Amino acid sequence: MIYAAEEVRARFARRGLSFDPTVEEIVRGILEAVREEGDEALDRFSRDLDGYPVEEVPKRAWREAYEDLDEDLRDALETARERIEAFYREEARGGFLRAEGGGVLAQLVRPLERVGVYVPGGSAPLLSTLLMTVVPAKVAGVREVIVASPPKVHPGVLAAAWVAGADRLFAMGGAQAIAALAYGTGRVPRVDKIVGPGNRYVVAAKRLVYGTVGIDGLAGPTETMIIADGSASPRLLAADLLAQAEHGPDSEPWLLSPDRALLERVEAELSRQLQDLPRAEVARQALEKGGLVLTKDLEEAFALANLYAPEHLSLALSDPLPWLEKVQNAGGVFLGEGSPEALGDYIAGPSHVMPTSGTARFQGGLAVRDFLKVIPVVGLSEGAARELAKKGALLARAEGLEGHARSLDLRR
């Protein structure tokens, strides 16, 4: 179905994360039990919900899984890791030390000590998710990266853990895994931050443990938005929309264009390609969540995209680079038909863990900075302190904090 821009504008404007109170109540009980009872509760929930007790998978099993992989798949994993490392190595530089009036002002950049990475289970092994979370953490210098993935852990996930350089891996999933990482148990160490996507129980658990540990964000269903002009290929556009639609029935694939003829050709192409797509029924449901939108021009298309704040924004334009300055809100941007979002999912370089549900308005994708903390350092000389103390005391008294002011008066 082709929508007019006005039909979707209000829907785009009110986007945001929503939470099921019933799910949160269930998750709250799991978190409390694991915090109070530790491994006993962790194993109980794991048996009840996943059918197996929690176990740590030894590194020899990772290596064996890696060695058992098809040679081409091993090479693809290695290439993906190398590209992710190269992309984030540039960001890892930081901090400064500056002389200041006989003293120093500095900014220390320090990696987190221990990070938990959640890798979902399910019908498809998410090898790429493990690479996209563990590798940036290791580039940042995180000392220990602990992976949690539901039992039985797929051999491909174990192989990816070996390639990415993870430190430990526990076969545990769901809210109970988040609880174990957040609070620590006898077997599972407490981490400083938890990253990675998951189902609604995992998302609810991350939301509830925030403050006890850090989190990367709260992920909803995946979404992609393509802005296209008449130069774009309907066949490629349809394929790119279906690549995201097959993720799940709640995915949202959108195509925005001022070219009605293009939208009509894409609509026909979607019907054709759906005929032999293995996950066609899932993709059909997702296409109903999204749609094709006719805009008056490209300017309106970009205004709608910024309102929607998509996880993925693809610019299928004859000359996409000049339009990049119009992008304000997006998790990641893919320029031209030669840079499909599916490449970003696996091997382009940036992490595919990106903000969803409109949170790209205030949050970026997972990166090295998510595994770093900044510590300011102030070391003023006696002369500089004396010079600043009078003005500092004035500010303190304006706030009604006499103790602060007196501390500064003694330096004058």
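Backbone N, Cα and C atoms are what each Cβ position is placed from, and that goes for glycine too.
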Binding-site annotation, Swiss-Prot, Zn(2+): partner of GLN244, HIS247, HIS404 in ASP192, ASP297, ASP319, ASP345: ASP345
Listed in Swiss-Prot for the substrate site shared with THR222, GLN244, HIS247, ASP345, GLU399, HIS404, one of HIS154, HIS312: HIS312
Cβ within 8 Å of the mean position of the Cβ atoms of TYR118, GLN176, ASN199: remaining residues of the chain near NAD(+): PRO120, ALA148, PRO150, GLY173, GLY174, ALA175, ALA177, ILE178, GLY198, TYR201, VAL202, ALA205
Assigned element (helix, strand, coil) containing ASN199 (NAD(+) binding site), judged by DSSP: coil
DSSP three-state assignment for HIS247 (substrate binding site): coil
Fewest other Cβ within 10 angstroms of its own Cβ, chosen from the binding-site residues GLN176, ASN199, GLN244: ASN199
Cα-Cα distance linking THR222 (substrate binding site) and TYR118 (NAD(+) binding site), given in Å to the nearest integer: 17
Listed binding-site residues (ASP345, GLU399), ranked by Cβ neighbours within 10 Å, top entry: ASP345
